[in-house]
C-alpha cells in the first residue's frame, strides 16, 4: 500500500500521522468485528488509501502551522540566520564562496557585513531567495542523500509535534472507550479473546502517551531544523563543483571519431 506514496510523504507525513492515531487504529482493527461486516477487499483498500492520504495531509498542515512560532523562538529560519556573518555554524570562508555562487544564480547582489547590520530585512530577503533556489536545485535524493534524509527527519519531527495534543486527546478518548467496553461487558475473563484485545489497545495507548509526552517536543524539532539547514547550505559544495571530465574510454572514442576520414559533401 505504501508504494502509492513517495519516500518523503511516507517518512515525513504518513508515519507521523499513523503514530498520532496509533491507539485509535489499534482499537479500530482489534475491537471492530470486520469479518461480520463482510466488506469487500477492494472497497476496504480504497478507503484505507483515502484515509492515509487525508492523514498525511493533516499531519503536514499541523506541522506547517508550528513553523512561524519555532522560527521566532530561535531568531529566524535557520537556513537564513546561518548565512549571516554573525553565525559561526559554518566557517566564514566557505560562506563567502556560497554567497558569491548564490548571488550569481539568483542574479542579486550579495549583502555585505554592513548590510546585514544596517538593513537586516534586505539581507534576509536575499538569503531567503537563495534558500529557495537551493531547495529547488537539490531535490534529487540520489545526488543529495544526506540532505534528503535530514529533510525527512525535520518533516517527521515537525509534523509529529504539530499533531501532539490532538494525538494525546485521541488517546484519552480511546482509553475511555476501552473502559466503557469493560464496564459494559462486566469483568472480562483476562484469558478471553475480548479481554486480550482490549489489553493490547491499552498497552498501545500507554506507550503512545509516554512517547508523545517525553520524546515529542520543540527542542527536537529545532535541532532537526538546524541540522537540515546546515546540510542545505553545504549542498553548495556539490553544486559549485564542476562535472567530472569525460572518462578515458569516452575520450578515446571522441579522438578516434575526430581522426576518422571525413565523408565528402554531396
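Glycine is no exception: its Cβ is also placed from the backbone N, Cα and C atoms.
Remember, TrEMBL labels are computer predictions, not curated facts.
Feature transmembrane segment, per TrEMBL, maps to range 37-55 of the set 37-55, 56-74. Your range for transmembrane segment, going by TrEMBL and the list 165-186, 231-252, is 165-186.
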